[in-house]
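Colleague: Let me begin by handing over the structure; questions about it come next.
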Amino acid sequence: MPFTKSCRSANTLRKGIKNGKLILKIIVNDIDNVESCLSGDESNDSKKSSASFYMKLKYGSYRALADNILSTDENRKEDIAVFDVPLPNGLQIDTFTLCLYRKSKWKKQIVGEAYIGIQALLLSTNPDETCKYPVISPPSGRNKENQSPSHQICNLSLKWIIYDPEDADADSKTLAKAWLQQIKMNQTSIDPMSNISKSLKELEVDNVESDLEDSSFIAEPDSSIPPSESSVSISTDTGKETPPSKSKKSSNQPYVSIGEGNSDLLGFVFLEIISVSNLPPLKNVFRTGFDMDPFVITAFSKNIFRTKWLRHNLNPVYNEKFLFEVGAFESNYDLVFKVVDHDKMSLNDSIAVGSFNVQSIINSSAQVDPETGLYSFNIETSSPSQDTSSKAEDSPTVQKIADDFSSAVGKDLRTDIIEQIIPLTLCCKHDFSTPRDVKLSFKAMFFPIAALRQKFWRVMLAQYGDIEDGHIGKLGMYAVLDTLGSNIPNSMVDDIYTELSSKNHDDTSDSITVDEAVICLERLVDLVCHQDQQATQTPQSPSSNEESGPGTPTQTSDQYEDSEDSRNFPSKLYLVYLSNCPLCLKFKLSKVNQQKATVHLATCASHDWKRVDRLMMTSYVSLNQAQRRWFSKAFAKVVYGSSKVGSTSATTLVQNRQTGQIQEEKMNAYVRIGIRLLYRGIRNRRIEGSKVKKILRSLTLKQGMKYDSPISVKEIKPFIRFFDLNMNEVDMPVGGFKTFNEFFYRKLKPGSRPCAFPDNPDILVSPADSRIVAYECIEKATTYWIKGTEFTVERLLGYSNEAQRFVGGSICISRLAPQDYHRFHSPVNGCIGPITKIEGQYYTVNPMAIRSYLDVFGENVRVLIPIDSNEFGKVMLVAVGAMMVGSTVLTVDEGKIVQRSDELGYFKFGGSTVITLFEPNVTSFDEDLLRNSKTKIETLVKMGERIGQKIDPNKPTDAEDHSKSDS
């Protein structure tokens, strides 16, 4: 019997039903001329009989599969395949493909494809009416010159039905007419050929004239289904649909990755590494002289840069320039510099390391005028020295705008250049009679994103605005907006002009100054950005206007409700309505909101490619990876897996919250490989077997007994050296521990982990030194992080009566690595409730296991500690044991009143996890934790640090000041 796989197709179908979309049911009745399909390459009858056929439906990114659809049995059922396809609200792809495959024991191959147009199908046939479509064979042959042409091999018969999941009694024909009418209205609501196409056809960039003249820069109407990789053309002479032709990828085009996804962008830092002085003369292999071929690795947050290496030099001079972005939550991060010695044969050696806080660079940047909101520029951008006629003949090019802009930013913006010489700490083994004073010299500037955007407006006004005597008229502003593809009505611009001219002028002139024109464009930016924010927070009908308080940007649009032309207003306002960025030709402006679109245009135009050597090294994700040789990276790729941020591999990446650096979690190589083979291997299903469970339990208990023995004291010093632990925080000297376990759950000195905001009980603090992922609701945690197929809140809490209180609530997962301080504390003020211990297994809590099909949290041994808090309600803290964790010891009793950061217990040797559950709508986590969690990367925090706060319904939450408050 045919079936549809419950994978991506089922998820897409479920999502479509949830969003209230209509469902198109495609029923394939028959495929005639089956014998021709069966007469493939194999001539052996046994091979023919062993082959099976399946059919796949492709529609955009939607996929559905029906298996075992063809059979030589005469008693097979009439309907051989049934597919349910959610119809989009806006039609961007009109054709879906039915692919017929043949699968044998050793291989599978495509038999043919049928291309069905949705609108043509619904218009030409009635529901439950059978129609036939040809199945076209794909071209055979690897080389294009030797390929045989496609030909028809058989026909398939199908019929269709449209149904509404919310209205079972609705008629299919009525629903089809309503959907076609809606598609027609959506296609005509926004004119794709706006004035921007005329402007773009006049632009000329070297080697890309044909790409710019294409109308593909005009954004298509919004659609809930992503664009397909292929397109279907219809022959005009035969009226039949032809197979899609694969579009060629554009090559050798510059790609700008700056400013793509970070809408909360503070600005950019322009960094120039000048030189390094007084490096140590390390001996070469033959001890005949020194060997030093240094290069510098610079890291900021998730950006890694690397200079060239200079041969045999103790005072290298680089003069290499870099540019990186600074987000709103990265203003207190450190710039980390690492000097590395390049070796031809062996591994590269670390020489020295240092850091510099980026806040010092930000403080020296240009300051905004508090009254006007504008940044000061030394030279105002003037209009070109040519008349109107010559301007019409010689239209300014995109390259000229970019050159003028990038040069003007460096000259005009009043930003101080910081020149710093910082000391570096040697991290190599050396034996010198006199200490080496290694120093690094660099220059840095910070450009606020708002200043770049305002400078971009000035350049656009100068090129397109027709500035006369320092003033710009309404027609000039209309031209600028048309160039950007904006659909903002002229009446809205007229009212802003009237308001600005009445404030600063006595007459009622139709022109304003350039500064006022920049203010006008900034208001429009606030308008469209506020519109996007409201759309994401409260869904509403397109025609309804959003309520806004006094002084909000939407106040500009509300005053047009009663105007005469309000009926002509578009349902959504666009300041930038382009498909691709006309500068880098790569970034899809139509796929992002208006704030990100304006940020990208301003930053893309501001970059002077001649002054910047590199923008972003996407191949590096950490300092250690940038230091490795090619063969080390190749070995790690094969053995450990991908090292990208968010990937499920043996290389665990975490972001240090204090410095912002991406760090590789230190772990023995055999442990990495063992966990990867055990939980991510080919036969990882055997991990659920009783034998494996017994082995893990036995090893855990034996390891706990071993480290409780006095002989285990000898393991303490190698453990400290391997993980480079800071023993100055420990309350007891190393010689005072009698066993390794005593050292493992060591206490720290008082004051080593201060509680954030000690007088504010509404602040949520971290329960342990750990790597944290936090989600606003548990459903998001199962989407991004917890991949256990059987994970539920009820199973995690042992099916207790309290489980229903936390369904739909918030969750914080704090993972403790072996090198962490292994005592856990209370994150809130409250009273300890009845404690429950649940026996279970001893699986590892490494992210590789958590993000597998195995329900680690629901299977492992754990302790439930409820806390009744006046601020956060019922809070459930779950202490989860793990592989090699001997036991979980509690130091608190039931009924005890605890304050934030009070100790609750500790784990013996091994990794472990503390899960904190909150009731719905009680807690809001800090934004940096939520962002990292959505990108599947853990954040390294210390016990007592702020991680969130109580939701106050009377005032908005403020999760953006945690970094300043913690520092």
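Cβ coordinates come from backbone N, Cα and C, glycine included.
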Colleague: Which range is it, out of 128-148, 947-967, that shows up in Swiss-Prot as region 'Disordered'?
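Modeller: Within the set 128-148, 947-967, Swiss-Prot attaches region 'Disordered' to 947-967.
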Colleague: Between the binding-site residues ASP343, ASP349, where is the Cβ count within 10 Å the lowest?
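Modeller: Comparing Cβ neighbour counts within 10 Å for the binding-site residues ASP343, ASP349 gives ASP343.
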Colleague: Could you break down the residues of the domain 'C2' (250-373) into DSSP helix, strand and coil, giving a count for each?
Modeller: 5 helix, 55 strand, 64 coil
Colleague: Cα-Cα, whole number of Å: SER912 (active site, schiff-base intermediate with substrate) versus ASP343 (Ca(2+) binding site)?
Modeller: 39
Colleague: Other than its own, how many Cβ atoms are within 10 Å of the Cβ belonging to SER912 (active site, schiff-base intermediate with substrate)?
Modeller: 29
